């Protein structure tokens, strides 16, 4: 019971020791006295009449917060009351319809025609219809807001059904729950289908999902866009959350990486270095640069007070001052990775000018004329926004500072010049006499005013449109960035950190150059380094040398704890897959299939990547695998390990995520089903061959080979006679599911949530109405329908 020699309190005698109980707070003397008085307040039966309070709500006020933002002037004095009152109210829930989803218009119609009208007709409190409404500034009414509380959702049946609808569609990926103001930054990026996009601080992934929607918008069936999204986050656990969020999108144009955003690698590769694979030396891409960069940096988060009320008690000015330098480094790295002519959006969920306008102004100063702040006041005209501040102060340890001179006067070494509007460091060159003359003006605080066009920044105030608070700045890169000289100053903490990171990068380049020189010019290696190596062989390595070796391994891409990214090149398996499913040659498999296992004999999953992602992976190989890739591509095939799976001609089945992409290119193992049998498959998950209602569908299934197959919902265009067993037509409205044909039954290989969603879609979609209409017309009466209903009842009795 001890467990590795540790003593544990597992027996009664152990609890006799006088140990302090850390779970109970000690009572003060006043509380003990009050408790003794309360003991006397009993009723005649001896029962205590005072009921203890078990829970106290969050205190939604903070005097330091009020003083700070009143002084900064983030809102006018006359609207301070409505501003602070709004911050103390709960935040309405918001969600977004996936604009690239197959059912996006159906979902929007369902919200407009079913839920809104039902609540309007009921109208018990008069507020139900206003509780669900679209956001007026989001394009095509694809973003909605709900102001109902949990109690209201439980009481009202229509609201309860609405809540279940949200949960189901969110799990599938047709909608995404996301704060309303969080949807704004991707809209100003102006993303197109052919853009390379980097989301530098992506977790939890709602903005990444939104960027992927933009990439995939207006894509043809079975075709992939030329662009891609790289979603990065520094935290491994948050990367897992990001993967879970974006997996619902089912895209092959995404890669998830795990790096510090301020040190994100550019994977620069010299064409003359072919040591990592001569077969890839003809690549045109030599560096990883992006058309669009989303820089939603870590911040103090006081703009999220409405959904995270615990920030009220934790808030302090030090939260913003502490992340200013990191935010600046991330933004500068984002601009370095941005192509000339590209656009970057810098955003925070904070109201503090030290995290917002101060960072943007320092970016503009460092980049000179190579970067401009874009005026986007004409875009999204229905979005209520306020201009950025041009003047602000810095507060540290209870003292207001108007300029860096004040910071030097009070000895605040943690306050850097870039936090102030001018950004000018103070250099004390005055004599003692001048200092004595200036003592009279020491108490006068002079606030600087920026000369930069910071009014082009956007501030979203919570009380303007019942939302959270947000800050957004849109930057356009006009020309390459200038070489930034880091100044050696005891006050420039940001410059010191950036200089350290530049030194690390320079070490990386030196190591790479040495390795490439040794590979391309062996004589260099023999001249100077051979004697040194013979000396070190006899002597044990020091700790510094071991650390340097580990550093070289990292540069070469040896990321411990992360599965390798390997191109799948087993020709026998690929030929078997192509022949079994009849995949067209137009659907490229060359350097498009990836596994996370070097041993191809034990590969469980095969992922498919787009052309753009393939190019990035190849560049990463040539550059020494600098990217730490945690997830990539779309799961296309999965090995079937059951006993029936091993007896199939092809042991790899098509995953439900990869089916929409592969379906237009399949010619085998695909058949169409009437609505009645399609519904049975979704309801009962497995059907015996004799229980199939439609005779023609039973005949089609019998022809299929043992193993994975695809069943498409019949749209009513397939008539009996010649061509009835031909491949069904596939378009954007096609509803299909992956199945497994066994020896005596047909089973669905779709999750229960997906089955429920498809049942709902087929019930509401015009496709199902067309099927039923054709059935009535074809049979000139109700005899056929009666026969189908009787077969369905018989089948239901057998299943039950």
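Cβ from N, Cα, C; glycine included.
The compositional bias 'Basic residues' annotation in TrEMBL covers 1-16. According to TrEMBL, the region 'Disordered' annotation covers 1-54, 419-443, 485-548. The compositional bias 'Basic and acidic residues' annotation in TrEMBL covers 17-30, 492-514. Taken from TrEMBL, the feature compositional bias 'Low complexity' applies to 34-50. Per TrEMBL, the feature domain 'SAM-dependent MTase RsmB/NOP-type' maps to 83-478. Feature annotation from TrEMBL assigns S-adenosyl-L-methionine binding site to 201, 202, 203, 204, 205, 206, 207, 233, 296. If you look up TrEMBL, you'll see 349 marked as active site, nucleophile.
Taking the features listed in TrEMBL, we show where each one sits on the structure.
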residue : record                               : contacts (Cβ under 8 Å, 6+ apart)
201     : S-adenosyl-L-methionine binding site : 232, 233, 234, 261, 295, 296, 297, 298, 330
203     : S-adenosyl-L-methionine binding site : 233, 235, 238, 239, 241, 242
205     : S-adenosyl-L-methionine binding site : 231, 241, 242, 243, 244, 245, 246
207     : S-adenosyl-L-methionine binding site : 178, 182, 183, 185, 186, 199, 294, 296
349     : active site, nucleophile             : 181, 182, 299, 301, 303, 304, 468, 469, 470, 471
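Within 8 Å of the centroid defined by the CB atoms of 201, 202, 203, 204, 205, 206, 207, 233, 296, the record's S-adenosyl-L-methionine site, lie the Cβ atoms of 199, 208, 231, 238, 242, excluding the listed residues themselves. Across the annotated binding residues for S-adenosyl-L-methionine (201, 202, 203, 204, 205, 206, 207, 233, 296), the two most widely spaced Cα atoms sit 13 Å apart. Taken together, the residues in the domain 'SAM-dependent MTase RsmB/NOP-type' (83-478) have a mean pLDDT of 88 on the 0 to 100 scale. Cβ neighbour count for residue 296 (S-adenosyl-L-methionine binding site) (all protein chains, 10 Å cutoff from its Cβ): 22.
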